[in-house]
Amino acid sequence: MSEREVLQKINSPEGKEDRIIGKHVFGNLYDIDAERLNDKEFLEKLVLEAVDIAHMKLVEIKAWSFGGKKGGVSVIALVEESHIALHTWNEYNYATLDVYTCGEDSDPQSAFAHIVNALNPKRYQMFYADRSSQ
């Protein structure tokens, strides 16, 4: 099959059903209020809101608190489309955020933006990776 034929197949309605659409938004959040970063219930609620905002379907959510110097909270939402993972280090006023979705209907950028806006870091980095099969 020529390159042109492959592109025609991928862009056809049938071809779109045959390929995987992967959108991965991830980043680092700096200088966040430490109290928010240690509030497991707040962070879990925040991730649940992000799931809804991004039009994802929740399968399960788990949250854990960790003590010690490098302690914080981890919240993982397993969604039908993939996942949202938020990890915090309260003593460092730092968090990492990972939003990965498969399919055309979900919007990982809106989930990422919602969490960033709620945590209100003084600065953050956001990265995007296209993880589609074609």
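Each Cβ is built from the backbone N, Cα and C atoms, and glycine gets one as well.
The active site, schiff-base intermediate with substrate annotation in Swiss-Prot covers SER82. Look at Swiss-Prot and you will find HIS87 tagged as active site, proton acceptor, backed by similarity to another entry. As annotated by Swiss-Prot, active site, proton donor applies to CYS102. As annotated by Swiss-Prot, pyruvic acid (Ser) applies to SER82, with the evidence given as experimental evidence.
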Cα-Cα, the residue listed as 'active site, proton acceptor' versus CYS102 (active site, proton donor), nearest Å, comes out at 21
Cα-Cα, the residue listed as 'active site, proton donor' versus the residue listed as 'active site, schiff-base intermediate with substrate', nearest Å, comes out at 6
So CYS102 (active site, proton donor), by the Cβ count within 10 Å over all chains shown, scores 18
For SER82 (active site, schiff-base intermediate with substrate), the nonlocal same-chain Cβ neighbours (under 8 Å, six or more residues apart) come out as GLY22, TYR100, THR101, CYS102
